[in-house]
Amino acid sequence: MFRTMMNGKIHRATVTEANLNYVGSITIDSAILEAVDMLPNEKVQIVNNNNGARIETYIIPGEPGSGVICLNGAAARHVQVGDVVIIMSYGMFTTEEANKHEPKIVVLDEKNHIEMILPEEKTHTTL
């Protein structure tokens, strides 16, 4: 049996752009992608802290160090520039792998620079 587990998480990213006329996807600063082990074209879930929307799309890498978080195409309808979002990727693991799995989690500051890397998520954690 395989279990779907969170593999990477970008916490408190600030939306810098919303481009309705692009074909689709989310553009993410490639330096952030590297820190959380996310790849171009990987499926991600995006949760908007401002309006509660949850959407799925795929990643396009952005300029490293730019801080870009841009929702493209139809996904742009679910955000406004300045919204705070959580971006998560998932992987499928056997139960044995899942018990040993350690997701990569980064917390961003208001300019989308990595503020901290968390070794794990604890219950009742507030940032």
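Every residue number used here counts from 1 along the chain in the order it is shown.
Each residue, glycine too, has its Cβ placed from N, Cα and C.
Marked as pyruvic acid (Ser) by Swiss-Prot on the basis of sequence analysis: SER25. In the three-state DSSP scheme, SER25 (pyruvic acid (Ser)) falls into the strand class. Sequence-distant contacts (6 or more apart, same chain, Cβ under 8 Å) of SER25 (pyruvic acid (Ser)) comprise THR57, TYR58, ILE59, ILE60, ASN72, GLY73, ALA75.
Annotation comment: Swiss-Prot describes SER25 as active site, schiff-base intermediate with substrate, evidence class sequence analysis.
The substrate binding site annotation in Swiss-Prot covers THR57, GLY73, ALA74, ALA75. Long-range C-beta contacts of ALA74 (substrate binding site), restricted to its own chain and to partners at least six residues apart, with a cutoff below 8 Å, comprise LEU20, GLY24.
TYR58 (active site, proton donor) falls within a strand when secondary structure is assigned with DSSP. The active site, proton donor annotation in Swiss-Prot covers TYR58 and is backed by sequence analysis.
Sitting within 8 Å of the Cβ centre of THR57, GLY73, ALA74, ALA75, and not among those site residues for substrate, are the Cβ atoms of GLY24, SER25, ILE26, ILE55, LEU71, ASN72, ALA76, ARG77, HIS78. The recorded positions under consideration are TYR58, ALA75. Their Cβ neighbour counts within 10 Å are lowest for TYR58.
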